[in-house]
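Engineer: Before anything else, here's the structure in question.
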């Protein structure tokens, strides 16, 4: 078997992994846009839609650390394939077209997501050198986030042209195709890739370990930033199309296309500037946090096309670099033997933000108004900005 260039974030196996991640997240992001409309057609209110959509990340949030520990123990290679197969089965089950079924399937998908995302993060770390890790994680997150803003345009254009059943079957078909791609990657992975690391020093995983305490302390603030950011990020994909439609506007595709263009451009061309070390990137984060604070504030003030485009640009900037910057930092400050477990706690914070954001913002929109919901999101961003400015950082964790 030919060796691969670990310095190249575009080596063949890494690219294959990006494709599998893109297809996996594409179906999930399609559902983020489609399910609120489908649920509404079945009689669901705004709060019920929030519960259905929030179940996905809520379940994933609780399983992240468990999934990370299991992947650390058994390796990511086999769990990677199991997650792809189960995901396709769950996608087919959505054709039951029942609100309870939607909620249950979203919860099951959350469990699958917990394992899948952990495996792809650990696999890309194995397939990329430390020097290029920031680029690899940025490209992986690009593969997962492009559908977040690009796929909604397709779904919004298709939802009135095909039936709910046809659209759900399309999602399931994509899930089956991904099994084929995943199998090809699985067969081409080297035996060492995705295998458990040496368990030396595993005693440091315990809460009482000195290293564990230092690591948890270092993880606290980055995790808090990701949690609050995820609450704000949950607003636009879940509720912005409904808000615009309630005002008789059909500019949601324009918003998502603009956001997509910014995200792709910045994440791809800016990947080399993501710090690939254990040093906390304070001022880069201050800029990104300011961006996701401004976006909902603009939408609260006006829905005119220029303002909508400006909001999309600011949100795209924040989406493009915030997650890969924090994730790269996290992978350097945690021990390799428990990297999956530690990363799991960090991503759980993001999941909690997305889940609670969908639920709380849905309740605010129903009890008050969409405008109040956007104002709340802007206030959360402002609070995060003040915290980030005041935070002085932690000393580097010595592994």
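Glycine residues also receive a Cβ, built from the backbone N, Cα and C atoms like all the rest.
TrEMBL: automatically predicted annotations, no manual curation.
According to TrEMBL, the feature domain 'Major facilitator superfamily (MFS) profile' maps to 1-190, 218-399. Feature annotation from TrEMBL assigns transmembrane segment to 15-37, 49-67, 79-96, 102-125, 137-155, 167-189, 219-240, 252-270, 282-301, 307-331, 343-364, 370-391.
If you look at the structure here, what lies around each of the features I listed?
Structural biologist: Looking only at the domain 'Major facilitator superfamily (MFS) profile' (1-190), the predicted model's pLDDT averages out at 84.
Outside the transmembrane segment (79-96) by six or more residues, the chain places 20, 24, 27, 31, 70-71, 102, 105, 108-109, 112, 115-116, 118-120, 123, 165, 168-169, 171-172, 174-176, 178-179, 182-183, 186, 194 with a CB less than 8 A from a CB of the stretch.
Listed by sequence, the residues of this chain that lie at least six past the ends of the transmembrane segment (167-189) yet keep a Cβ under 8 A from its Cβ atoms are 1, 12-13, 16-17, 19-20, 23-24, 26-27, 30-31, 34, 77, 80-81, 84-85, 87-88, 91-92, 94-95, 97, 123, 155, 158-159.
Same-chain neighbours of the transmembrane segment (219-240): 29, 32-33, 36, 49-50, 53, 148-149, 152, 252, 255, 259, 280, 285, 289, 292-293, 295-296, 299, 315, 318-319, 322-323, 326, 329-330, 333-334, 342, 345-346, 348-354, 356-358, 360-362, 365, 370, 373-374, 377, 380-381, 383-384, 387-388, 391, 394, counting only residues six or more beyond its ends whose CB sits under 8 Å from a CB of the stretch.
For the transmembrane segment (282-301), the residues of the chain that approach it from at least six positions outside its boundaries are 225, 229, 232-233, 235-236, 240, 275, 307-308, 310-312, 314-315, 317-319, 321-322, 325-326, 371, 374-375, 377-378, 381-382, 384-385, 388-389, 391, 393, judged by C-beta separation under 8 angstroms.
Same-chain neighbours of the transmembrane segment (343-364): 46-47, 49-51, 53-58, 60-62, 64-69, 110, 114, 117-118, 121-122, 216, 219, 222-224, 226-235, 238-239, 323, 326-327, 330-331, 334, 372-373, 376-377, counting only residues six or more beyond its ends whose CB sits under 8 Å from a CB of the stretch.
With a cut-off of 8 Å between Cβ atoms, the residues of this chain six or more beyond the transmembrane segment (370-391) that come close are 221, 224-225, 228-229, 231-232, 235, 239, 242-243, 246, 282, 285-286, 289-290, 292-297, 299-300, 361, 364.
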Engineer: Out of 15-37, 49-67, 252-270, 307-331, what stretch is closest in contact terms to the transmembrane segment (102-125), meaning most Cβ pairs under 8 angstroms?
Structural biologist: 49-67
Engineer: Given a Cβ distance threshold of under 8 angstroms, which distant residues of the chain, six or more beyond its ends, lie next to the transmembrane segment (15-37)?
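Structural biologist: Answer is 49, 52-53, 56, 84, 87, 91, 94, 102, 106, 109, 113, 116, 120, 123-124, 127, 139-140, 142-148, 151-152, 154-156, 159, 167-168, 171, 174-175, 177-178, 181-182, 184-185, 188, 237-239, 241-242.
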